[in-house]
Every structure is written in C-alpha cells, then in structure tokens.
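Structure record follows, encoded as structure tokens.
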Amino acid sequence: MTINNSSGGHFILVGFSDQPQLEKILFVVVLISYLLTLVGNTVIILVSCLDSALQTPMYYFLTNLSFVDICFSTSIVPQLLWNLHGPAKTITATGCAIQLYVSLALGSTECVLLAVMAFDRYAAVCRPLHYATVMHPRLCQFLAGIAWLSGVGNTLIQGTITLRLPRCGNHRIYHFICEVPAMIKLACVDIHANEVQLFMASLVLLLLPLALILVSYGYIAQALMRLRSALTWGKALGTCGSHLLVVVLFYGTITAVYIQPNSSYAHSQGKFITLLYTVVIPTLNPLIYTLRNKDVKGALKRLVRKDNTREKILGK
C-alpha cells in the first residue's frame with residue numbers, strides 16, 4: 001500500500017470545528033447512537049445464531065448486515081468522537097488510509113448485500129414452494145461472498161488510486177472522515193479522471209444494486225397484485241417492509257454524496273448526510289428489523305424465557 005506522505009505524516013479532519021456548540025451536541029448524539037448500534041446489531045447476530053427458527057436465508061443475510069454495520073460504525077465513530085471531544089482534529093496518514101480502505105469496503109459490501117437480500121425476498125414471495133430449493137445454503141454463502149468480495153475489490157481500486165494522488169502539502173480534509181470524495185479534493189493535479197472513475201464505480205456499486213432491488217420488488221408487487229389477498233399482503237409487508245425501509249434510508253443518503261460529489265448540495269450538506277449513513281442508519285437498522293418483525297421479537301421472548309427458566313432451576 002503506497003501512501004502519499006506530502007502532508008507531513010498526518011491529516012487535519014476539519015469536520016464541525018467551525019461550530020463548537022454543535023460539536024458538543026454531536027458528541028452526545030454520536031456516542032449514544034454508537035452504543036445502540038453495538039448493542040442492537042449484536043443482539044440480532046446472537047438471536048439469529050441461537051434461535052433455530054431464525055436459521056434461514058433471510059436471517060443469514062441479516063446477520064451479515066448487522067456485522068457490516070458494527071464494523072462500519074467502528075471504523076468511523078471512535079475517531080469522530082475523539083475529534084469532537086478535544087481540540088486535536090488530526091489523524092495519522094496510516095490511520096486515514098486504514099479508515100478509507102475499511103469504511104469504503106464495508107459501505108460497498110452493504111450496497112451489494114441489500115441487493116442480495118432483495119433477491120431473497122423475491123424468492124420468498126414469488127417462489128414460496130421452491131424457496132428452500134432456490135435459496136439453499138451454498139447459494140446463500142456464495143451470494144454473501146460476492147457482496148464481501150465486491151466491497152474489498154472496490155476499496156482496493158478506489159482507495160489505492162485516491163491515496164496515491166499528489167497533494168502538494170494539502171492536509172486539511174473538510175470532512176470528519178477520510179472518504180474518497182473528500183480526499184480527492186486535496187489533490188494538486190487535475191482530478192477529472194478520478195471523478196469519472198468515482199462516478200463509474202458509483203454506477204456499478206450503487207445504481208446497479210439499486211436497479212436489481214427495484215426489479216425484485218417490481219416482481220413482488222406483480223405477484224401480490226395477482227393474488228389480491230389481504231392476508232398475503234400482510235405477510236409480504238411483514239417480510240419485505242423492513243428491508244425496503246432500510247434500502248430507502250441507506251441509498252437515499254449515500255447516493256447524494258457519491259453520485260454527484262461536486263454538486264452544491266453534496267458540498268454544503270455532505271457532512272450531515274454522511275452522518276446519517278455512517279452513524280444514524282446503522283443504529284436504526286436493528287430497531288427497524290426488531291420492531292417490525294414478529295419473528296425476531298418472538299425469538300427474543302423465547303430466549304428471555306429460557307434464561308428465566310434456567311435461573312429458576314439454578315435457584316432451586
């Protein structure tokens with residue numbers, strides 16, 4: 001990994017330093033959100049692994065999503081909290097490179113993983129009699145592997161190209177994280193080719209998965225319209241509603257930053273939009289999947305009852 005060290009071995013993450021009062025509020029909000037992210041997603045992983053009723057393709061992918069969210073937040077939030085709490089806004093060149101590679105890999109993985117989950121919902125609603133045959137364990141592992149490999153491949157290409165750009169001493173990043181759209185702005189050479197490359201990568205890893213999600217839900221809607229059953233509609237909403245809400249939140253924010261990184265909207269509101277998909281949405285995901293999902297709530301109740309029964313037996 002080659003890192004351009006023309007910035008003197010560190011970068012300054014300007015972040016929200018021009019609004020000190022906002023920094024204090026954000027510190028509390030981000031800290032609470034991060035703790036909820038860790039707890040909520042860990043609960044989903046444990047429940048999905050411990051309850052046999054949840055050992056299905058849907059919850060296998062949900063476990064992957066929860067793990068991605070934990071790692072994604074952890075790659076960003078600790079450094080953000082450190083910068084919000086004190087006057088030092090610096091991050092080492094190595095730390096910046098690690099944050100860039102890891103967060104980009106995990107964000108890209110989530111994009112593809114959400115498309116894989118949409119295909120799983122399509123199979124469940126449109127091919128219910130053949131669902132177990134279609135979504136067999138090997139295919140689930142293969143699809144999850146494709147999501148992870150896509151993220152790793154994207155970050156190795158985009159991250160390496162971005163870090164090798166000459167910066168001519170520029171080391172002030174007008175953001176709170178080391179992210180590709182913010183990093184390429186430090187370059188002291190023509191970055192048009194990099195912007196085109198970023199746009200093309202965004203098309204592949206953002207718009208292509210989003211198109212697959214829309215196609216999957218188009219087929220789901222067609223299947224439901226043919227059935228015209230209130231009970232079937234209710235089951236489908238319970239099955240697909242949580243995933244669709246997560247898709248809207250995640251893609252609605254991340255596309256605003258990556259599809260048009262030089263737009264006036266992305267430039268002025270970019271830090272706040274990034275806060276949404278790096279801090280807030282990983283917190284909301286477990287809440288959405290537990291509050292709107294009877295299976296997860298039922299599994300939690302069963303695990304609590306088991307613990308209570310065990311305590312009573314040990315107490316006797």
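Just so you know, glycine gets a Cβ as well, placed from its N, Cα and C.
Taken verbatim from TrEMBL:
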- 40-289: domain 'G-protein coupled receptors family 1 profile' (DOMAIN)
- 25-47: transmembrane segment (TRANSMEM)
- 59-78: transmembrane segment (TRANSMEM)
- 98-119: transmembrane segment (TRANSMEM)
- 139-157: transmembrane segment (TRANSMEM)
- 199-220: transmembrane segment (TRANSMEM)
- 241-260: transmembrane segment (TRANSMEM)
- 272-291: transmembrane segment (TRANSMEM)
Original post:
Can you find at least 3 Cβ pairs under 8 Å between the transmembrane segment (25-47) and the transmembrane segment (199-220), where each pair is 6 or more residues apart in sequence?
Top reply: no
Subject >> Distal contacts, the transmembrane segment (59-78) - CB-CB under 8 A, six or more residues away >> reply: 30, 33-34, 37-38, 41-42, 44-45, 48-49, 98-99, 102-103, 106-107, 109-110, 113-114, 116-117, 120, 140, 143-144, 147, 177, 278-279, 282, 285-286, 289, 295
Subject >> Per-region confidence, the domain 'G-protein coupled receptors family 1 profile' (40-289) (mean pLDDT, whole number) >> reply: 86
**OP:** Using a Cβ-Cβ cut-off of under 8 Å, list the residues of the same chain that are 6+ residues beyond the ends of the transmembrane segment (241-260) and lie near it.
**Re:** 107, 110-111, 114, 117-118, 121, 179-181, 198-199, 202, 206-207, 210, 213, 217, 266, 269-270, 273-274, 276-277, 281, 284-285, 288-289, 292-293
Subject >> Same-chain residues near the transmembrane segment (272-291), Cβ under 8 Å, at least 6 residues beyond its ends >> reply: 26, 30, 33-34, 36-37, 40-41, 43-44, 62, 65-66, 69-70, 72-73, 76-77, 80, 103, 107, 175-177, 179, 242, 245-246, 249-250, 253-254, 256-257, 266, 297, 300
